[in-house]
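Undergrad: So that we are looking at the same thing, I have put the structure below in structure tokens.
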Amino acid sequence: MGKTGSVTWVKIKKRNSNEYRLVPTKWQDYKKPGPNQKYTSDGKKRRRIRRSQKSILGVRS
């Protein structure tokens with residue numbers, strides 16, 4: 001288990017670009033698929049979708 005405050009948070013731009021949200025550093029390059037994109041064509045579960053590099057604003061200060 002990590003110590004309190006050991007997670008590094010990264011700012012990710014939301015759909016309207018005036019706002020952002022925080023995600024852990026582990027998820028800065030990937031996003032979780034929605035219900036319609038959860039499975040591949042051969043039936044395997046898709047766990048990660050590539051995130052646009054434009055949407056990553058950097059580490060929270």
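Backbone N, Cα and C atoms are what each Cβ position is placed from, and that goes for glycine too.
Note that the structure is predicted; figures quoted are calculated from it, not measured.
These came from Swiss-Prot, pasted as-is:
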REGION    23-61  region 'Disordered'
COMPBIAS  44-53  compositional bias 'Basic residues'
Undergrad: Go through the chain and flag residues at least 6 beyond the ends of the region 'Disordered' (23-61) whose CB is under 8 A from any CB in it; none is fine as an answer.
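TA: Tertiary neighbours of the region 'Disordered' (23-61) are 7-13.
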Undergrad: What are the DSSP helix, strand and coil residue counts for the region 'Disordered' (23-61)?
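TA: Result for the region 'Disordered' (23-61), in helix, strand, coil order: 9 helix, 12 strand, 18 coil.
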